[in-house]
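J.: Dumping what TrEMBL says about this protein:
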type	residues	note
ACT_SITE	K34	active site, proton acceptor
ACT_SITE	Y261	active site, proton acceptor
BINDING	R132, M309	substrate binding site
DOMAIN	240-368	domain 'Alanine racemase C-terminal'
MOD_RES	K34	N6-(pyridoxal phosphate)lysine
Amino acid sequence: MRPVWAEVNLENIRHNFREVKRLARMAEAMPVIKANAYGHGAVEVAKALIGEGAKRFAVAILDEGIKLREAGIEVPVLILGYTPPEEVEKLLFYNLTPTLHHRELALAYQEKLEKFKKTLSYHLKIDTGMGRIGFWYEEIEKIEEVLKLKNLEMEGVYTHFARADEQDLSFSKLQIERFNIVLDHLKTKGVEVKYRHAANSAAIMRLPEAHYDLVRPGIMLYGEYPSREVPRELAHLKPALTLKARVSQVKKVPAGFPVSYGSTYVTFKSTLIVSLPLGYADGYFRRLSNQGVVLLNGKRWPVAGRVCMDQLMVAVDETERVNPGDEAVLLGKQGEEMITATEVADLVGTINYEVLTNISYRVPRIYV
């Protein structure tokens, strides 16, 4: 096996799912396992959560749903993103549920389904303030037109919060009001909606009035909080992924020794330069050059010089005992020290979601 790997703790994911269910109370939890379960492995995570009581999943794209089906996952799967009309046959074959988010898409689906003489269940996406895909909440006439299409069966209606992870929840509450306008209108028209859903991880924790019939946990399943503005005491989450590498070489160098491309790091004293066999092609951001931290011997050590495509170097005190083959941690816990995805995100100016999903296919996932 490659001396770089990500350990995924499935028990921690199961624990986090139990926290979701505790917060969701009567609402059913529909885990979001898009982007390979945020880098953790969609198939393995799905199987673990089915064992914990999950009855359905959400993904972003058609291929993610197909991968689940080919792995033997038979529970309902909702595709949250855009699925082109030419893929209707695959939706039928793999029994996947698409999202319909504008009138023209629905009409194109109807045309395809008439040819196949088939019906297809779908969820209707309502834009209440995200400004992304979805019927604007005031487009009632267009929504009603879609509901009349004979070969399409509306199973659910949902929206997505734009700012539920911010301290000020006023805009999220406005989105709830707008979503309820649509739901109330459908009710007055006698339209039955089996599944109403809106709550992402932040809303699961902070907006119980948005739980409806389903909630959609994403980042919290993997042990990370949606933002620093979401109070940690609302849920006890356990990070599930640890990124590790084995030391490839240890080199004792004198003061004034340049390290890596551009010689942007120069030792100021006798130092151990420890090489690790992973780099930005593995998802370790190049922006962590001279900024990142690595755990060795349970201590934090700085990344020395520029992160390379396949390697990086760490500056370690010359008094430390470090040998080739020793285990280093780039994300996760070693001893009493821990590097979180949020810490890494802050260093490179991004969010913890990107840190997790950025870990590339070259890094094997090991399930513990």
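Each Cβ is built from the backbone N, Cα and C atoms, and glycine gets one as well.
Can you tell me where each of these features sits in the structure?
T.: Under the DSSP three-state reduction, K34 (active site, proton acceptor) is assigned to helix. K34 (active site, proton acceptor) is surrounded by 20 other CB atoms, counting those within 10 A of its CB over all protein chains shown.
Less than 8 angstroms from the CB of Y261 (active site, proton acceptor) sit G305, R306, C308, each of them six or more residues away in the same chain.
When Cβ atoms from all protein chains are considered, those within 10 Å of R132 (substrate binding site) total 11, not counting its own.
Confidence annotation: the domain 'Alanine racemase C-terminal' (240-368) carries a mean pLDDT of 98 in the model.
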J.: Sort Y261 (active site, proton acceptor) into helix, strand or coil using the DSSP assignment.
T.: helix
J.: Relative to the Cβ position of M309 (substrate binding site), how many further Cβ atoms are located within 10 Å?
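T.: If we count other Cβ atoms within 10 Å of M309 (substrate binding site), we arrive at 11.
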